[in-house]
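Listed in TrEMBL for this protein:
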- 19-368: domain 'Orn/DAP/Arg decarboxylase 2 C-terminal' (DOMAIN)
- 37-264: domain 'Orn/DAP/Arg decarboxylase 2 N-terminal' (DOMAIN)
- K45: N6-(pyridoxal phosphate)lysine (MOD_RES)
- G216, E257, P258, G259, R260, Y370: pyridoxal 5'-phosphate binding site (BINDING)
- R260, R296, Y300, E335, Y370: substrate binding site (BINDING)
- C334: active site, proton donor (ACT_SITE)
Amino acid sequence: MFTNIKKLLKIAKYYKQPFWVYDANIIYKKIHQLKLFDTIRFAQKSCSNINILKFMKNLNVKIDAVSLGEIERALIAGYQTKNHDIVFTADLFDIPTLNRINELKIPVNAGSIDMLHQLGRISPGHLIWIRINPGFGHGHNKKTNTGGINSKHGIWYTDVPIALSAIKKYQLRLIGIHMHIGSGVNYYHLKKVCKKMEECVLSLNHDIKIISAGGGLTVPYKKTDKAIDTKHYFDLWNLSRKKISSHLGHKVHLEIEPGRFLIAESGLLVTQVFAVKKIYKRYFVLVNAGFTELMRPLLYGSYHNISIIKENGDHITEKKSSQTYNTVIGGPLCESGDIFTQTEDGTIKDRMMPKIVVGDYLIFHNTGAYGASMSSNYNSRPLVPEIFFKENQFYEIRRSQTIQELLNLELNNRKIIF
């Protein structure tokens, strides 16, 4: 990660508001770790900035899009509608998205049988995948579990014959099977999903060209977290690929669909402290970023390492000081849940932090994924800038949104005549 703290301090003083910064070198290294897979398809929902998509395109990374907006972002970034550059993955269509997919003939990874009927009626012969719910799931949080009886995602594995019937009815061209059970998958569940992929494909009685391992590779947010062994991850999937290839009589293409893994560790959120108050035995440190910027702690109880930049440029980590205090880090929003140090169930959790004073800057680490892409305008707060550190230069890849831009959406009202 970019380590020139004095440069970060200069940027912070220039913007006078929170900002995101991404390190291109980290993204490059994470992509390289997955080069054994035939295709790396970035789940752009994790970080959808067009400039980062362009960077990934130049490294031969393809795109998974989950909305019409994400399709349009990918097109602006230079992705083509041929060569499976873009695949649309969802569990339903809305009408504008369906029409655009039909127009561009973008392959669809269908997570419901209704999607097959809706697509087949207007685009017979369309290229498709099916996403199968294998009957189980696993994630680092119950909200990131995308398989099993409590998940809305995918076609239930026993309903695959019904899906095949719809595919046959509309002469849809089934080219791939996708199976993603959650974000934060361990090796036990990985072996389990590989085995289920083999079983599903071998029972299809239908040829396919591609299998997708999905995403969900773990990210070490805490210093005690172990980095995932990507070679072992590939080897398990490659073994399944070989069995499937042998059954089908030809080599099957193996894709992986990472989001968080590629981008999380590249990103920082830089904020400033504007209030410190002692409440009973703990200090509440309040910064100018809230869950409008970083939603993950509120949504998942996620942990992000926090470090301090002093006015003089000193950089202090959580464990670097001999004297620490029970500290809670919160934001400016008019919500009790606007706390960065909380558990999955919403319980406030103290951090043992060095003394923090008004004027200090805090860095939230490993926030590149599901940070800016999940930002909102709650409390009428404009979106904050995004900065890309690439080839030893800083680039503003999203400027600050203005309050006037927010207000303009609600001005000049027009009468709707039905």
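Cβ coordinates are placed from backbone N, Cα and C, and glycine is handled just like the others.
Across the residues of the domain 'Orn/DAP/Arg decarboxylase 2 C-terminal' (19-368), the predicted structure has a mean pLDDT of 93. Ranking the binding-site residues E257, E335 by C-beta neighbours within 10 Å puts E257 at the top. Maximum C-alpha to C-alpha distance over the listed substrate-binding residues R260, R296, Y300, E335, Y370 is 27 Å. Looking at Y300, Y370, the binding-site residues in this record, the fewest other C-beta atoms within 10 angstroms of the C-beta turn up around Y300. Counting other Cβ atoms within 10 Å of each Cβ, the lowest count among the recorded positions K45, G259, R296, C334 belongs to C334.
In the three-state DSSP scheme, Y300 (substrate binding site) falls into the helix class. A helical conformation is recorded for K45 (N6-(pyridoxal phosphate)lysine) in the three-state DSSP classification. Within the set of binding-site residues G216, P258, R260, R296, Y300, the entry lying nearest in space to the residue listed as 'active site, proton donor' is R296 (CA atoms). The recorded positions recorded for this entry are K45, R296, Y300, and the Cα of K45 lies nearest to that of G259 (pyridoxal 5'-phosphate binding site). The Cβ of P258 (pyridoxal 5'-phosphate binding site) lies under 8 Å from the Cβ of K30, L34, I40, F42, A43, G215, L217, each on the same chain and at least six residues away in sequence. For the pair G216 (pyridoxal 5'-phosphate binding site) and R296 (substrate binding site), the Cα-Cα distance reads 15 Å. Over all protein chains present, the Cβ of R260 (pyridoxal 5'-phosphate binding site) has 25 other Cβ atoms lying within 10 Å. In terms of Cα distance, none of the binding-site residues chosen from R296, Y300, E335 sits within 10 Å of R260 (pyridoxal 5'-phosphate binding site). Here the binding residues for pyridoxal 5'-phosphate are G216, E257, P258, G259, R260, Y370. Their largest Cα to Cα distance works out to 15 Å.
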